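Have a look at the structure below, then the notes.
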């Protein structure tokens, strides 16, 4: 085995050859990728999101009105379902990075989503909406059959699988359309994630207004078929851009690579540390993970460096054993995951706050005065204020906050990704205060003998606007942070961490609701979140979330200061020599 002992000229020649290949690829890259291809991804994202939220945004009301579930059960089921959606993002990201590649993964999971939408449309039409027009809050539906309920749950979890697997993959695939080696491409890639979240909310706006209006009026089947049509159109737009996409091949299963680092480090636990220049790494520009850039050595988690120490036993082996000796890049990939993990954990509490918008916010709005003249405003439509807040704040941030903050901080991005996430968490906490205050005033205006309050539903506007503003900072910041800090071999997995945070946030929310009801609903007490909210105190639950988020904010600030970013080897190394070769060509 020759380790770091190859002829230097061979390494230089290899660098030049690889560089020539990369330069010649420019001729093709000029005809592929860029904003035209990314636009297909953005339109696809908007249409697929519209189809998903056509089911998800009103799901809590469908469970209570059509399936006859109580408020607490419906809220828990929605939280579990939404959590499953985002948990499936890890599966999609893993398959994308390891085996299928991003294009194939996007296409297959969209087909799964469409299958789920077709089944839920047929099930509601044939089994659940009986009599026709029921579930409008006035006319009750007959008790659902077991086959209808089973098919409904099968359908919504197929939707969860399809949308969850699609989301992180389309985010990364869209960013792949820009070449980071090109300065303009790097800037465009950073801007893409903002427009990606904009497209997501543009799709949500239609589903949360038009589709919600029809579904709230009992036309559930019509809303589900409209969602199906949107999903089909989204798939068509995605496939339409096939000739112009830039494709990134899969990099193999990352789990064995990361596992090899820990096993090798454990085997060499007693081996003394060496200077970083003596650690094992391949010569040339390519890393041991084919198609990825090398990652430079960092000084934290020094015990893992032992996996890259070359021992006498390694030198004597005819073939390198990857479970005993790993490259610096491989070790640094494992370190990156460890560094991002505590940051990711701190984002879960924000997701607990965010998920209230799809459950308790809607249930709170249902018992408020939602009439405008003779028109009844669906409670779920209030989320349109959240979406408008996102769309407005996205442009305000990009064209006002970024230039101003850039002049003050010297950072061309305005605020760093971690700073944006911290600001988002603080604004999210304020939304819980606003929701709690609204509930206090709602309870004071309860009409005796009536389940509703005379307080206008428009009192909810501040809490929805604050949640929307917090999303622009937190979720867009997360997308940029986890995608930018993840090594090349696990980019989709990095994007999926944002959705995985939402997943655990929904599960934690469900757990908190159960715990609160367990401790507060004893004896003759109704608890904080009873069937009749006028007998409860969801304001206290909102304030509880504020307190938990405050503790989480302290932890986040600590880990944000501790965090050290990934350091990729300069891809322009040897540019002068490469240009000389190209002149000869």
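Every residue, even glycine, has its Cβ placed from backbone N, Cα and C.
Among the ranges 297-321, 497-521, the stretch that TrEMBL annotates as transmembrane segment is 497-521. Tertiary proximity for the transmembrane segment (147-165) is limited to same-chain residues at least six positions away from its ends with a CB under 8 Å from its CB atoms, namely 48, 52, 55-56, 59, 67, 81, 84-89, 91-92, 95, 105, 108-117, 119-120, 123-124, 126-128, 499. A Cβ distance under 8 Å defines the sequence-distant neighbours of the transmembrane segment (341-362), meaning residues of its chain 6+ beyond its ends; these are 56-57, 59-61, 74-75, 78-79, 82, 379-380, 382-383, 386, 418, 421, 424-425, 428-429, 431-432, 435, 460, 463-464, 467, 470-471, 474, 478, 481-482, 497-498, 500-506, 508-509, 512, 529, 538, 541-542, 545, 548-549, 552, 555-556, 559-560, 563. Distant neighbours of the transmembrane segment (497-521): 72, 75-76, 79-80, 82-87, 89-90, 164, 167-168, 340, 344, 347-356, 359, 475, 478-479, 482, 486, 527-530, 541, 544-545; these residues of the same chain sit at least 6 beyond its ends, with a Cβ under 8 Å from one of its Cβ atoms. Proximity of the transmembrane segment (220-240) to the transmembrane segment (35-63) is established through 3 or more Cβ-Cβ distances under 8 Å for residue pairs spaced 6 or more apart.
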